[in-house]
Amino acid sequence: MSSPEPIPPPNDRRGSRASSNADISVQDGNGVMVGGPPGSPSPLQIRASNSLNSKNRRRPIAKQPPDVHLLEYCHTPDSNLVCLICHSPFDKPVKLLCDHYFCRQCLEHAWAAQQDGEKTCPTCRSKVDVDKDLRPVPRIIETMLDELVVKCPNSKSGCDWSDQRANVHDHVMLYCVYTLVQCPSYDCRLHISQKDFHKGCLHYTVSCENCHTSMMMKDLEGHQRTDCPGRSTNCPHCSAEVLRLDFQAHVKEACPKVVIPCSGAVLSCTFTAERAEVASHQETCVVAKLAPHFQEQQARIERSEARLEPLSRRVGILEDGLSNITSMLYPANSEPSLPLSEPLDPTSLEAFPPAHLTAASDFRLSPNPFPSVPQNDVPQTTQPPFDSQIHHLLTMHDSLREEVSRITNALGELDGRTNMMIINESQRQKDEMLHTNAAINSMRMQLHWLMSATLSNRNAAGSSTARASASTAAASGSANSATRGASASAGLGNRATASATLHAPLRRLSDSTRQDTKL
Amino acid sequence: MSAGAKKRIMREYGECLADTPPGMKINFDEQNMTKWEVLLDGPDQSYYAGGHFKLEINFPNEYPFKPPVVAFKTKIYHPNVSNDDKGSMCLGLLRPDEWKPPNKVVAVLRLIQTLLIEPNIDDAIEPSIANEYKENRKEFEKSAKDWVKRYAK
Ligand SMILES: [Zn+2]
Ligand SMILES: [Zn+2]
Ligand SMILES: [Zn+2]
Ligand SMILES: [Zn+2]
Ligand SMILES: [Zn+2]
Ligand SMILES: [Zn+2]
Ligand SMILES: [Zn+2]
């Protein structure tokens, strides 16, 4: 990039940069160096570091993969699968020529202190050529290692997952809610377990209200659950020892001495006593047994009513659309009396309890056809306004269908007539063609006769001059043109008039034949 | 010290608990797991019977690639234990050039026990005591028992 002639892209970039920001000095000798004084980082560098930061910020799920060496195993592993250096089951094991197995990482640690070319097997001290003597272990060993059951590395934080070792990576990286992730707060560099991620930054110091030890907020619950010396208290009602954290829940749900009402209170049971007594009362209280069903029904009704609201709104919208259509169809009739609501209202009043009246009054479409049909048979046959939209549509459909069949019939008729006409016409054409053919044939015959007559004439002349024979040839040419319908050329003597007289009767003949076919 | 090495020490402690040589007790502090305190009863068939000895096993940062360091905190009259404040021991697999990473602490504890019963004269750290052991066993026995009475009761 130090060439005096910069390649186009940087040149362009420099140009646009200089135009966009006049302050930026451009060191032309280099052609690339863009930015402020040499000591300050170039804009590119700043941008790069910014983007790196923001990338880290946007990916708070930068989790540490589990270290296989630190896993807890649920069962004591087979001693043949244990690395003699780390005393854990092998992690990515390799085999040396001397048939000793080690984790790759353990071998690297062991060899870190040894000189190149002097690496030895940690067990038997036989020399090892690092480039050649490392062998993969048999497949079955890998499989056995993968199948060892391990605990989640976050088990100390509370995760009770355990499964085959092959799955631990996925568990920690994808599923475990105790895995540490970067704190969601922008300027906090600490870590927090994934399950607390949504709570925001918990990295501030609080003091435990029970023992006055100060700690991070994120550790408070764990402390109050397991470590705090003052974590438990005696329930003032039943004097049982409970965790302070759980005290509210204990009083609300478990304490046998707290006075509560019978669960049938919603259905007017007035019994009130300590929880233990209430429990035995509820064994016999009929209302208490009904209460859950009652509550369930109640909830269901509430759900239904909640659903009704949007539905009735939708019906209203449909209703509007329908009346729009009606008014479009019958602009005169629809306006003065809404024909739809008239026959319906009494039936809707009978069908629904008063509570639903408001909803039902909008509800015109669905129950309509059935009650209205038996009531009035007469309007069904009358012209619009129809008693029902559906009848109207049906009638329209029928009339359309009739019209279609009428059109179909007419079309068929027309088709037949056209066919006849075509047949007749073509027949006539055919006849005419026959006549024309006959006329042409007779003309050919006459021409032939004429030609032979001319030839015999020339033979009879015998000693006539070359000029005469030339004129004969010209005469025969003009005769040819005369047969094609052109007028004969004058000034060629009697031979030309002869051809003209021949032509006239022929013409007459064809005219007469045409008149024949026309008749 | 790496997390892996700590893990190994933890595991070794577990193994030792399950398989402690008789007459030994290990005090293990999880906060400072690289320093084990071992309480050792003098073996019955040795000159140190009746004595209670305190040892310290220190694990170097490079463990298990370097041997653990064993020191008698209780004074003992023995050819393989240095006769000073340190009470250090350096022989057999405890020697850096002899140590192999696969060796275990249990093996070290067993070695110590064997040495109390049968000192290793060829590898002695105190040549005078070794000499005495070789040539004047009676005198050696007397001094050893005397030290047990004095320091290891
Ligand atoms: Zn290993
Ligand atoms: Zn080997
Ligand atoms: Zn987990
Ligand atoms: Zn934070
Ligand atoms: Zn506390
Ligand atoms: Zn209670
Ligand atoms: Zn009741």
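Glycine is no exception: its Cβ is also placed from the backbone N, Cα and C atoms.
Per TrEMBL, the feature region 'Disordered' maps to A:1-62 (among others).
Positions annotated as compositional bias 'Polar residues' by TrEMBL: A:17-28.
The domain 'RING-type' annotation in TrEMBL covers A:83-125. Within the chain, the domain 'RING-type' (A:83-125) has long-range Cβ neighbours (under 8 A, six or more residues past its boundaries) at 68-69, 71, 73, 77, 133-137, 141-142, 145, 148, 165.
According to DSSP, the zinc finger (A:223-270) comprises 21 helix, 9 strand, 18 coil. Residues annotated as zinc finger in TrEMBL: A:223-270.
As annotated by TrEMBL, region 'Disordered' applies to A:473-492 (among others).
Feature annotation from TrEMBL assigns region 'Disordered' to A:498-519 (among others).
Under DSSP, the residues of the domain 'RING-type' (A:83-125) split into helix, strand and coil as follows: 9 helix, 8 strand, 26 coil.
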